[in-house]
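Peer 1: When I checked TrEMBL for this same protein, it listed these features:
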| type | residues | note |
| --- | --- | --- |
| COMPBIAS | 349-359 | compositional bias 'Basic and acidic residues' |
| COMPBIAS | 395-410 | compositional bias 'Basic residues' |
| REGION | 349-369 | region 'Disordered' |
| REGION | 392-414 | region 'Disordered' |
| TRANSMEM | 26-48 | transmembrane segment |
| TRANSMEM | 69-90 | transmembrane segment |
| TRANSMEM | 148-172 | transmembrane segment |
| TRANSMEM | 218-236 | transmembrane segment |
| TRANSMEM | 248-267 | transmembrane segment |
| TRANSMEM | 279-297 | transmembrane segment |
| TRANSMEM | 303-323 | transmembrane segment |
| TRANSMEM | 486-506 | transmembrane segment |
Amino acid sequence: MALHNKVTLASTPVLLALMWQLRNEPLAVCTCGSILAGLATWCLVPAAENTFKRVGLSGKDMSKPTHPMLAESMGVVAATIYLIATFLFIPVQFRSWWPAQDPHSPHNPRVFSFDRLGEYLSALLSLQSMVFLGFADDVFDLRWRFKLLLPTIASIPILIVYYVGYGVTHVVVPVFMRPLLGTHIVDLGTLYYVYIGLMAVFCTNAINILAGINGVEVGQSIVIALSIIAKDIANVNSGNAESEYNHLFTLYLLLPFVGVSSALYYWNVYPARVFVGDTYCYFAGMTFAVCGILGHFSKTLLLLFLPQVFNFVYSAPQIFGLVPCPRHRLPKMAVDNPLPRRLVSRLRQEVDPDQRSDSSSEGSPANPVVDGNAVGTLSGVHQAISTAMTSFSKGKGRRTKRSASGRRSRSASAPSAHLSAYMVASRTTFEGARPLGLAIVRLYEFLGIADVERDDQGNMISVNNLTLLNLMLVLRGRLTESQLNNCILLIQILNSLLAFFIRYRLSHLFYF
């Protein structure tokens, strides 16, 4: 039996007992339920892997030398378990309002809070709608115009509940703008609903745009969720009943999210065994949008999304067609092989018998490059030889299998151990580029955030694809896929610290 199954079987009775013992504490029950949801995701993702492949929901991992075929859209498994957990939590959350008599009776001292139930149900309805629409995108590969429209439709329930239950549309004017406007509060009216609706669209697509390598979609979502949870825990006992409810509302939605996302990240981080698909990206983005809108911290949420905001602005020339935008802008793979030239030539001859080695040539490189597709077709004997020689030359070897006693086996999806796979920035040409797009690229080059290739006459030939992932490779040089993912997560963590510094230390300079 695999490790994840053993841990789940051993932990489930303990967690259920704790939930019963703490049944009068909704937050404790939610925490235990979130752990159970994470354990269920941990077990069901590998169990559903072959089923998804059998029905055609699979794709090649283009960032690996052997291009393994992985199950796609596994985010729908995590999202489904999340929805089940949050549905089951409904009676627990409102247990303190359970009356011993008719809730509408005038003699009942505590009338049930239908407005709070409406907020929670509208949040779940928007999330459920977004999961369905995200899965439809994975299956039918919807066009970008629909990807902008669908989150707008899914956000209608929370917008209606916000209008009916809260309805506040005024904003506090920053100090430096008050002399110009002559007031410290401005009522935006309908424009405020347009703003929060656009925020829902941005959050769902921002996670989806900053994607393309193992673990980055789920990893950034976990960091953002944990940052919001830390904020809520620090402020939940503020003494204000309305503020306390808002923080608890966010915790009830994000704790299960972190549970299922952490389990999904285990299977999606390098070397990935499954792909999460657009379903997870939309699900994660809508979760944050719901929390930000109904939890009334939309400005803080935007601060936490600064890396995604930068990625969107940086990608704008390609997103809006000013610069050619290929279908896939993910970084490309460069494979360096430190094997002796004679062995490399011998392996290449097995792939292409017509190719003849020229190991005595003075112009041959010291570290020749082996095509990942070609190496993937070699026999297992030569792969074992290459693995041993690489381990000897580098002093290290990556284990691609773990013991069968229950620990995870990544051998089905990991790249061949004898190859050191690095990621380099992918590029696009300027064929069909518009003058405005060319001007923006020149500005990026001047700022040092674009790698432009020019011919002998100084004309621009190509530029790196305009995403944060490719920019990191331009600035840092080539990185492994795992290193690139860690860089993005580090940026997200540092941004959370910056966001909290701005929110709690600098806000008094603008609002008081």
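Sequential numbering from 1, following the chain as shown.
Any Cβ shown, glycine's included, is placed from N, Cα and C.
The shown structure was predicted, so the numbers you read here are calculated from the model rather than taken from an experiment.
Any idea what these are sitting next to in the structure?
Peer 2: Outside the transmembrane segment (248-267), and at least 6 residues removed from its termini, the chain residues within Cβ reach (under 8 Å) are 26-27, 30-31, 33-42, 45-46, 74-75, 77-79, 81-82, 85-86, 89, 93, 116, 119-120, 123, 215, 218-219, 221-222, 225-226, 228-229, 232-233, 236, 273-274, 276, 280, 284, 287, 290-291, 294-295, 297, 408.
Only residues 6 or more beyond the boundaries of the transmembrane segment (303-323), in the same chain, are considered here, and those with a CB under 8 A from a CB of the stretch are 202-203, 206-207, 209-210, 220, 224, 227-228, 288, 329, 428, 430, 433-434, 436-438, 440-441, 444, 449, 463, 465-468, 471, 488, 491-492, 495-496, 498-499, 502-503.
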Peer 1: For the transmembrane segment (69-90), could you work out the same-chain residues 6 or more beyond its ends whose Cβ comes under 8 Å from its Cβ atoms?
Peer 2: 26, 29-30, 33-34, 36-37, 40-41, 44-45, 48-50, 52-53, 57-61, 117, 120-121, 124, 127-128, 131, 134-135, 138-139, 252-253, 256-257, 259-261, 263-264, 267-268, 272-281, 283, 413
Peer 1: Between the transmembrane segment (279-297) and the transmembrane segment (148-172), are there three or more CB pairs that fall under 8 A, provided the residues in each pair are separated by 6 or more in sequence?
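Peer 2: Yes, these stretches are in contact.
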Peer 1: Find the member of 26-48, 218-236, 279-297 that has more C-beta pairs under 8 Å to the transmembrane segment (486-506) than any other listed stretch.
Peer 2: 218-236
Peer 1: Could you give the residue numbers and ranges of same-chain residues that sit at least 6 residues beyond the transmembrane segment (279-297) on either side and whose C-beta is under 8 angstroms from one of its C-beta atoms?
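Peer 2: Result: 73-76, 78-79, 82, 119, 122-123, 126-127, 130-131, 133-135, 137-138, 150-151, 154-155, 158-159, 161-162, 166, 196, 199-200, 203-208, 211, 217-218, 221, 224-225, 228, 231, 246-247, 249-250, 253-254, 257, 261, 264, 305.
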